[in-house]
Amino acid sequence: MTLRWAMWLLLLAAWSMGYGEAFRCYTCEQPTAINSCKNIAQCKMEDTACKTVLETVEAAFPFNHSPMVTRSCSSSCLATDPDGIGVAHPVFCCFRDLCNSGFPGFVAGL
């Protein structure tokens, strides 16, 4: 086999593989209890992150309800400063397959 044919076969193999496979994120469009938001969606090729937005947190004792979140695939996720004061709806971004199952700083079951 000549070098030319080898190059064509290599080019054809690379082309047939496509650009890669999109990753998956947990999704819930409406505010949902953090432990209940478990729908899995295949993200679009242009999506680069999984996004979680903290919508509500119980502010009164006895704190026995789970925080409400929305989750989605995102093509432009801008995380908020986790130490920021007064952020109404903190945003968490992550960049792996199914990485948005939790929320930083929240411990389930407490």
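Placed from the backbone N, Cα and C atoms, the Cβ positions cover glycine too.
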Disulphide pairing with CYS28 per Swiss-Prot - partner from CYS25, CYS37: CYS37
CYS28 (disulfide bond), number of other Cβ atoms within 10 Å: 19
CYS28 (disulfide bond) and CYS43 (disulfide bond), Cα-Cα, nearest whole angstrom: 13
Counts by DSSP class (helix H/G/I, strand E/B, coil) across the domain 'UPAR/Ly6' (24-73): 0 helix, 28 strand, 22 coil
Cβ packing number for CYS77 (disulfide bond), 10 Å threshold: 20
CYS37 (disulfide bond) and CYS77 (disulfide bond), Cα-Cα, nearest whole angstrom: 19
